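Taken from Swiss-Prot, the feature signal peptide covers 1-21, and the record attributes it to sequence analysis. According to Swiss-Prot, the feature N-linked glycosylation site maps to Asn29, Asn442. Feature annotation from Swiss-Prot assigns active site, nucleophile to Asp76; the stated evidence is sequence analysis. The active site annotation in Swiss-Prot covers His398, Asp449, Glu458.
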Amino acid sequence: MGKLLVLMLVGMFLAFESLEALEYGDALNKSILFFEGQRSGKLPTNQRVKWRADSALSDGSLANVNLIGGYYDAGDNVKFVWPMSFTTTLLSWAAIEYQNEISSVNQLGYLRSTIKWGTDFILRAHTSPNMLYTQVGDGNSDHSCWERPEDMDTSRTLYSISSSSPGSEAAGEAAAALAAASLVFKSVDSTYSSTLLNHAKTLFEFADKYRGSYQASCPFYCSYSGYQDELLWAAAWLYKATGDKIYINYVISNKDWSQAVNEFSWDNKFVGAQALLVSEFYNGANDLAKFKSDVESFVCAMMPGSSSQQIKPTPGGLLFIRDSSNLQYVTTATTVLFHYSKTLTKAGVGSIQCGSTKFTVSQIRNFAKSQVDYILGNNPMKMSYMVGFGTKYPTQPHHRGSSLPSIQSKPEKIDCNGGYSYYNSDTPNPNVHIGAIVGGPNSSDQYSDKKSDYSHAEPTTYINAAFIGPVAALISSSG
């Protein structure tokens with residue numbers, strides 16, 4: 001009888017573990033599906049998000065270039081190439097790092113398609129060696145309207161960087177995105193992979209040769225942290241993609257640029273570069289010791305109980321860096337924590353020292369897992385912050401296409417001001433934007449499900465992109 005009870009308990013435990021694995025797999029699936037709702041341009045025949053339709057089919061015509069496609073960045077209808085490139089880099093990082101886990105739930109093909117939708121657009125935007133289009137659409141006029149992308153009639157103004165008007169941040173991030181993606185496609189489409197890598201090299205040369213901050217060339221998504229982080233980030237990815245020592249030597253020569261930081265974002269990539277480069281340190285590149293020190297500083301700043309903790313969690317345990325769209329920082333931090341714990345394990349390093357406190361790899365992973373679980377529902381609100389995941393989730397994300405009737409259900413045009421009756425309606429959005437992760441709760445773990453609360457209710461591509469790696473990391477440890 002005792003033996004039978006043990007077997008029953010083991011069976012129940014395994015069943016729970018399998019269910020948990022299925023839940024992470026479902027979250028991964030929905031995280032990727034979200035991007036189909038953000039697509040701009042001519043939609044493919046295998047489009048799964050049916051409430052969307054073709055949009056912005058003349059983008060680029062003002063300059064006689066083809067800038068059709070890519071992603072709408074958030075809940076608006078503008079295409080911002082700098083954060084779109086960061087999104088693409090993060091997606092590719094997940095595909096590289098967790099290929100087996102993503103394949104195990106049959107999502108690798110969808111993820112590659114998601115990446116390619118971004119890289120195809122970046123390639124189009126890179127019209128000559130020293131020219132990159134960085135924005136399509138006028139942010140001010142777009143943000144004053146509440147329209148479906150399919151009805152959009154605001155100006156599709158074009159912005160670009162060049163040798164005479166540089167933006168090293170945007171060019172550097174585009175280089176990183178294409179270099180990372182070249183690794184994703186290397187084994188399945190070598191010709192496309194080579195094209196990506198060639199453009200990545202050229203973009204890096206452009207970013208480095210014509211150094212200038214994107215602050216001077218942008219109306220939205222301007223740089224605050226400078227361009228040195230993007231140059232290090234791009235060089236790290238190019239080294240990973242090519243093995244060419246010119247890139248690792250570039251990093252070593254400019255290691256003094258590296259800073260200990262407390263965030264990883266579309267603007268600040270220092271810790272992303274550090275996390276990539278610390279792998280090379282453990283492979284014997286002692287000249288990269290500063291990057292090891294800086295990434296450890298980031299980890300120590302995040303870990304609860306660390307004597308050098310700088311980011312305090314909410315009462316419910318969520319990392320809280322900024323009130324506006326805080327989950328973007330949570331998902332990127334979690335990306336770094338999982339990657340770094342994996343790097344330590346591979347190097348045979350069991351722990352790190354944070355001042356007077358030591359943290360094991362398991363403790364770092366468990367904390368990272370707690371952040372994923374918080375987003376998926378283990379939080380004081382008892383709700384998922386991913387639309388369509390679980391039984392309770394945001395129903396009014398700040399998102400034009402989701403909040404307005406689909407063009408299939410209401411073919412009549414909804415103009416700039418006509419959409420505000422839907423915006424002001426306190427009812428669930430008619431189109432469930434499955435997989436969208438909103439900006440998240442406030443510092444007290446509270447969330448007001450209102451379209452007007454864009455700081456907390458708006459999804460963005462880079463929140464979702466940074467979530468895919470962490471949730472994939474948990475698939476293998478749960479099943």
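Cβ coordinates come from backbone N, Cα and C, glycine included.
This view paints the features noted in Swiss-Prot onto the structure.
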residue	record	DSSP class
Asn29	N-linked glycosylation site	helix
Asp76	active site, nucleophile	coil
His398	active site	coil
Asn442	N-linked glycosylation site	coil
Asp449	active site	coil
Glu458	active site	coil
Quiz item: Which of the recorded positions Asn29, Asp76, Asn442, Asp449, Glu458 has its Cα closest in space to the Cα of His398 (active site)?
Solution: Glu458
Quiz item: Taking the Cα atoms as reference points, how far is Asp76 (active site, nucleophile) from Asn442 (N-linked glycosylation site) in Å?
Solution: 22
Quiz item: CB neighbours of Glu458 (active site) within 10 A?
Solution: 20
Quiz prompt | Inter-residue C-alpha distance, Asp449 (active site) and Asn29 (N-linked glycosylation site) (nearest angstrom) | solution = 24
Practice problem: List the residues of the same chain that sit at least 6 positions away from Asn29 (N-linked glycosylation site) in sequence and have their Cβ under 8 Å from its Cβ, in sequence order, or write 'none'. | Solution: Val105, Gln107, Tyr110, Gly435
Self-check item: Asn442 (N-linked glycosylation site) to Glu458 (active site) - Cα separation in whole Å
Solution: 13
Self-check item: For His398 (active site), the number of other Cβ atoms found within 10 Å of its own Cβ
Solution: 24
Quiz item: How many other Cβ atoms sit within 10 Å of the Cβ of Asp449 (active site)?
Solution: 18
Exercise. Taking the Cβ of the residue listed as 'active site, nucleophile' as the centre, count every other Cβ atom within 10 Å, in any protein chain shown.
Key: 25
